[in-house]
Structure formats: structure tokens, C-alpha cells
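S.K.: Pulled from TrEMBL, these are the listed features:
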type	residues	note
DOMAIN	1-28	domain 'SPX'
DOMAIN	285-475	domain 'EXS'
TRANSMEM	79-100	transmembrane segment
TRANSMEM	120-142	transmembrane segment
TRANSMEM	167-188	transmembrane segment
TRANSMEM	200-221	transmembrane segment
TRANSMEM	348-367	transmembrane segment
TRANSMEM	396-416	transmembrane segment
Amino acid sequence: SLNMVAFTKILKKFDKVSCQKASANYLKEVKRSHFVSSDKVVRLMDEVESRFTKHFANNDRKKAMKFLRPQQHKDSHMVTFLVGLSTGCFVSLFSVYAILAHLCGIFSPGNEPAYMETVYPIFSVFALLSLHLFLYGCNLLMWKNTRINYNFIFEFSPSTALKHRDAFLMSTTLMTTVVGAMVIHLLLRAADFSPTQIDAIPGVLLLFFTALLICPLDIFYRPTRYCFIRVIRNIVCSPFYKVLLVDFFMADQLTSQIPLLRHLETAGCHIFARVFKTHHPEACHSGRIYLEITYIISFLPYYWRALQCVRRWFDDGDVNHLANMGKYVSAMVAAGARVTYNRQHDDLWFAIVLITSVVATMYQLYWDFIKDWGFLNPNSINPWLRDELILKNKSIYYMSIVLNIVLRVTWVETIMHFKIGRVQSRLLDFLLAALEVIRRGHWNFYRLENEHLNNVGHYRAVKTVPLPFRETDSD
């Protein structure tokens with residue numbers, strides 16, 4: 001019957017396109033064919049069901065059918081409602097925060113150092129993380145609408161994979177909680193509570209979300225949380241784990257979140273300074289250990305990604321992986337030069353930063369457009385793109401190329417050293433970090449589109465093809 005349905009739909013499309021009525025004659029031949037009249041497939045299905053019931057379900061047919069029969073997963077309207085509710089709460093709380101911040105004068109010259117050095121870093125971490133989650137939800141929505149099989153490419157289980165509404169819910173819930181904590185912080189600050197006590201609120205919030213991430217209870221998307229932890233483990237332990245596409249994909253996300261990791265460094269330093277009284281808070285900005293950790297954090301995401309390239313070269317023997325490793329090595333050199341120049345403002349280091357950053361940027365743009373996106377093919381039927389495209393409007397691809405170039409060169413601001421206040425400098429740094437996250441979300445769509453169409457990363461060779469069945473492990 002499934003074959004008949006398939007042939008019927010195909011023939012109807014043929015009649016519609018060719019403006020003919022030939023389907024009736026074809027269907028007569030199809031109905032007389034052996035694959036329609038034979039019950040061999042049905043008998044094989046019955047045999048599979050009986051064997052599965054006997055060996056995997058303890059002769060419980062009801063339990064066996066629960067796993068063998070496809071489950072239709074319907075999108076929950078409750079998730080959409082919660083997204084809207086949390087978005088409304090976020091807008092309201094943010095408006096309250098803006099008013100309170102103005103009334104309390106927290107950005108005045110007398111108050112800005114304490115607030116911007118102890119509270120701002122942790123809240124910036126959550127803001128950047130929430131923005132990344134929101135953009136991932138946009139990616140999921142676009143991949144779904146353009147029929148890019150991201151679950152198959154990432155080897156996600158269809159029954160537990162995150163959907164775009166879930167990503168939006170996580171993003172809005174995270175930001176609503178964070179802005180609510182910011183409002184409480186300002187209210188307690190205005191009520192003349194001890195700064196030592198109220199400045200612990202961001203640290204408590206960080207501990208809460210860390211505990212939620214590793215929570216073993218089956219709440220708040222446990223399969224997704226544990227998958228995230230497993231992927232981070234694979235990245236940190238590179239090159240000892242075989243590199244899957246989801247591992248490389250997440251490692252690339254981390255290279256765009258270096259500002260987030262540096263904010264975590266600053267926040268952790270202040271928390272340890274206040275709780276354990278091991279050092280003065282000033283050491284969190286100018287100390288030797290802080291500077292060394294800053295270098296390490298600026299290198300680590302690129303280092304992990306380079307080790308993944310080495311592992312893939314070791315597994316596949318393809319020298320392209322070594323060339324890809326060179327891209328991340330050049331990015332490490334450029335990042336180290338910029339960190340050094342921020343502390344040594346002389347012409348020599350300016351020249352070094354300019355040269356290393358330009359080389360790394362050109363390397364990255366080449367790899368973005370030619371290797372990751374498959375563009376700039378002069379022989380393509382789509383000028384300077386690739387032969388196969390999913391989006392119908394070609395101008396979107398050209399605008400995306402220009403946008404990626406613009407967002408790739410935002411590092412120029414970091415070496416200009418404009419004479420602005422501490423608050424303006426912090427806000428400008430956050431803006432540049434947010435632009436890099438936006439660039440990564442924009443890059444994600446075209447990278448997976450190219451993988452879907454051409455399997456450019458050779459990641460699609462999997463042992464099993466995901467099916468719309470429930471998995472016994474999930475129960």
C-alpha cells in the first residue's frame with residue numbers, strides 16, 4: 001500500500017507538470033505488478049515483529065509495538081506559550097532594570113569600578129550564552145524550513161533532539177532569570193545592603209546554572225544537557241576521541257566565545273578573592289597569574305580545534321586537515337599578539353598585531369568561503385557560488401559573503417584604543433563579542449547547508465540511519 005501511495009503521488013505530479021492525464025493508465029499497470037499484489041513484505045514484517053517481541057520485549061506484544069511503530073511527535077503549544085511568556089517577562093524586567101540603573105546611578109564615575117568589575121562579567125557571560133542559544137534556535141528553524149536534515153548530520157536522536165522552540169525557550173528563560181537577578185541586585189543595593197553580600201548574587205546565579213547543567217534528574221532537557229557535556233568532554237580531551245561533526249561544530253562555537261571565557265576568568269577571580277580572601281581584587285586585572293591565564297584562555301579553543309584537525313589527519317590521512325590546522329594556529333598567534341599589545345602600546349607590537357591579524361583573517365575568510373561554504377567557484381552555474389543552492393534568492397548568498405567579511409574584521413577596533421570611559425569600553429567590548437556570536441550563527445547555516453548538499457566534511461558515514469522509532473535506551 002505504501003508503494004501504491006508513492007506511485008500515485010508521483011503520477012499526480014507528472015500529470016500536473018506535463019498537463020496530461022496519463023496517471024490512470026499507468027496505475028492500472030502498477031496495480032497488476034507483483035510488488036503490489038504480493039504479501040511477501042507483509043509476512044516479513046510479521047516475522048520481524050514476532051522475533052522482536054520474543055527476544056527484546058519478553059513476549060509482551062504491546063511493549064514491542066510501542067518501539068516498532070513510528071511515533072508522531074507533535075509540537076507542544078505549551079512550549080510556544082512559555083516562550084512568549086518568558087519573552088514578555090524579559091522585556092518588562094529589562095525595562096525595570098534600565099530605570100533602576102538610571103535612578104541608582106550605577107554607571108556614574110564613583111560607582112562604575114565596583115559594579116563593572118564584579119557584576120558585569122557574569123551577567124555578560126549569560127547574555128552572550130543566551131544570544132548564542134537564540135541564534136542556534138534560528139539555525140534550527142532555518143534548517144527545518146529548508147529541509148536540511150541536521151539531526152541525521154549531527155547524529156542526533158529524533159526523539160530527544162532539540163527543536164527551535166526549545167532553544168528559544170532556553171534562551172528566553174535564561175535571560176529572564178538573569179535580568180531578574182540584576183533587578184534584585186539593584187533593589188538590594190538601593191536598600192543599603194552590604195556590597196559584599198549583594199555582589200554574591202551573580203556568583204550564586206552561576207553556581208545555580210552550573211548545578212542545573214549537571215543535574216541527574218530528568219528535568220529541563222536532560223538528554224540535551226548530557227549531550228552537551230559529552231561533546232565538551234570530547235573537545236577538552238582532544239585528540240584522544242574520534243572527531244564527529246558535532247564535536248568540530250561545537251569546538252568552532254567555542255572559538256567565537258573567547259570573550260565569554262575571559263569574562264568567566266574575571267568573575268571567578270573576583271569570587272575567589274571575596275570568598276577565600278586569597279588576593280586583592282586588583283590582581284584580577286593586572287596580576288601576573290591573571291595575564292598568564294588570559295593567554296591560555298585566548299589560545300585554548302583554537303588549540304582544541306587544531307588538535308581535532310590533527311586527529312582527523314591521523315584517521316583519514318587527508319592533508320587538508322593539516323591545512324585547516326594551520327588556520328587555527330594562525331588565529332592563536334594573532335590572539336596572543338593582541339593580548340600582548342593591549343598591555344604594551346608600542347609601534348613594534350602594533351605592526352606584529354596588524355600583520356598576524358591580517359594573515360589570520362585572510363586564512364579564515366578563504367576557509368569560510370571555499371572550504372566550509374563551497375563558494376567562490378568561478379565555474380559554477382551560479383556565478384561565484386556553488387552549483388547546488390537551497391535558498392532560491394541568490395542575492396542572499398552574496399550579501400552573506402559581504403556580511404561575513406565585515407564581521408571578520410571587527411578586531412580592528414581592539415587595536416585602535418579609542419579614548420573612552422570604562423563603561424563605554426566595557427559596552428563596546430560586549431558589542432564586539434555579540435557581533436562575533438552573530439557571525440558564528442550566520443556561518444552555521446551555510447556550513448551545514450554545504451555539508452547537507454555535498455558532504456564536504458565526510459562526516460556522514462554513520463553506522464545507522466536515524467529512524468522515526470522510539471529508542472529502547474530512552475526508557
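Every residue gets a Cβ built from N, Cα and C, even glycine.
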S.K.: Taking residues 6+ outside the transmembrane segment (396-416), which of them lie with a CB under 8 Å of any CB in it?
M.R.: 334, 338, 341-342, 350, 353-354, 357, 361, 364-365, 368-369, 375, 382, 385, 389, 428, 432, 435-436, 438-439, 442-443, 446
S.K.: Which residue counts does DSSP yield for the domain 'SPX' (1-28) in the helix, strand and coil classes, in that order?
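M.R.: Counting residues by DSSP class gives 23 helix, 0 strand, 5 coil.
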S.K.: Looking only at residues six or more beyond either end of the transmembrane segment (79-100), which have a C-beta under 8 A from one in the stretch?
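M.R.: Tertiary neighbours of the transmembrane segment (79-100) are 165-166, 168-169, 172-173, 175-176, 179-180, 182-183, 186-187, 190.
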